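Sharing the features that TrEMBL gives for it:
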| type | residues | note |
| --- | --- | --- |
| REGION | 1-28 | region 'Disordered' |
| COMPBIAS | 10-25 | compositional bias 'Low complexity' |
| DOMAIN | 45-507 | domain 'Major facilitator superfamily (MFS) profile' |
| TRANSMEM | 99-118 | transmembrane segment |
| TRANSMEM | 125-149 | transmembrane segment |
| TRANSMEM | 185-203 | transmembrane segment |
| TRANSMEM | 215-234 | transmembrane segment |
| TRANSMEM | 315-336 | transmembrane segment |
| TRANSMEM | 356-376 | transmembrane segment |
| TRANSMEM | 383-404 | transmembrane segment |
| TRANSMEM | 410-433 | transmembrane segment |
| TRANSMEM | 440-456 | transmembrane segment |
| TRANSMEM | 476-498 | transmembrane segment |
| REGION | 509-540 | region 'Disordered' |
| COMPBIAS | 529-540 | compositional bias 'Polar residues' |
């Protein structure tokens, strides 16, 4: 007797007892995956994602730079000096300027959970292409804005475009990284955050000063456009824990399966089944609208179920709470840092100074944190230890730096502080990816992103601007802000004592989901483990 055949869900018992013929020549019913082409390898995937991430954060650094963001107009002794950059052209207060820095977060927060949910029914790699296209067009429009409201709307759309990439890139990298270097690969990806900000400060200062702030946005759009196109034209990749990317082949298999069933019925093997199938087809045609509504409701119910599961996970919640408090400080640093440095130490080249410190310390700190966690053994408990220690000592160094009266003393101690603070980038995202099962990773990253922005850097920039408008002392404002690092370290310290389990290889299937999950590892090697094909997928 031949090997047992895989059966479709819901298939009758009589048909399950007979071997099924191949549904299509050359097509196997096993779980398939995208094999690497002659040039597209895991390392090149990492490199492409790093460049995209760098451009995302270059945009954030550029709009915060003095060259693009500019300054308010001033009047002293009867002599008035016009403002510069966005703030000067649109006559923005510090509070409005802070709101502008957070405007793109609105789009990011709304769109991140949507993209994470769509990953269950649409190939995630294509979603990244859609997001990058929106980002490119929105950035282009930023250069054509004419007042506060128009540029705010464009910044919101920039956030929508970035949402798909932020939620989905890290799971792709985690899937393709070597087992012993997962945190190091994540560190390489996340070092682009401080590096992008820093390069953005320098880029914004140079372009804004020489060509005008609008050109900074136009050039960004040109640089991102090839990657947006790549997302549509390159063969899509597959995420661990989700259905195969080749949905067209899957649909063909299901159609072929139903045709095989009809042939058996027409041969007189099951006349009743044939009549039932005919009735079911008519009924399906008549009630397609209600089925569509049911499918949407079902997907929304699964989304709420997944969110509830994440919010009940103590490890996930503690990790994100610490990340929120940490990001409150980092977000305000990234936006107000150059202005604070210019005011406190009269730095004529504040953009260059902050940019240089951030790019060097950000890269070294992010890579150092990732390699260190891999070296001591990548576990969730060890990640929390590194997060707590690095944030506590880094925060203390940054606090001490702002007490210095000397510019050189400030730069030296602040550089050490940033080196330690940025060592948290890979460990905190490692916890987000590994404390949940594979099918929840995009949603985990999306909810983490939503939380750290809506409670972290979205309110921090306007609030710090409000504090500065009230006390008019950047040194005091900076010290108040920096002290918030210490509660973040305390929260992550609690995580050390929580019972934590790495769920990376845990079964990730949802019963009743219309999309099957597979444990594939794209771009590495083909998975030969067979998985059942669902024959009950509803198309809306």
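Cβ atoms are placed via backbone N, Cα and C, with glycine included.
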Does the transmembrane segment (356-376) reach the transmembrane segment (185-203) with at least 3 CB pairs under 8 A, where each pair is 6 or more residues apart?
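As far as Cβ distances go (cut-off 8 Å, pairs 6 or more apart), the transmembrane segment (356-376) and the transmembrane segment (185-203) touch.
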Counting only residues 6+ away from its ends, which parts of the chain sit with a Cβ under 8 Å from the transmembrane segment (125-149)?
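Contacts with the transmembrane segment (125-149): 52, 56, 59, 90, 92, 96, 100, 111, 115, 118-119, 155, 157-158, 160-165, 168-169, 172, 214-218, 220-221, 224-225, 227-232, 234, 236-237, 245.
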Of the listed stretches 185-203, 440-456, 476-498, which one has the most C-beta pairs under 8 A with the transmembrane segment (410-433)?
185-203
Using Cβ distances below 8 Å and needing 3 or more such pairs, separated by at least 6 in sequence, tell me whether the transmembrane segment (440-456) contacts the transmembrane segment (215-234).
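No, since the transmembrane segment (440-456) and the transmembrane segment (215-234) share fewer than 3 Cβ pairs closer than 8 Å, they do not count as touching.
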Apart from its near flanks, which chain residues at least 6 from the ends of the transmembrane segment (215-234) lie with a Cβ under 8 angstroms of it?
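Residues 40, 48, 51-52, 55, 58-59, 62, 67-68, 125-126, 128-130, 132-133, 135-137, 139-140, 142-143, 203-204, 207-208 contact the transmembrane segment (215-234) from elsewhere in the chain.
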Against the transmembrane segment (383-404), which of these stretches has the most C-beta pairs under 8 Å: 185-203, 315-336, 476-498?
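Answer, by Cβ pair count: 476-498.
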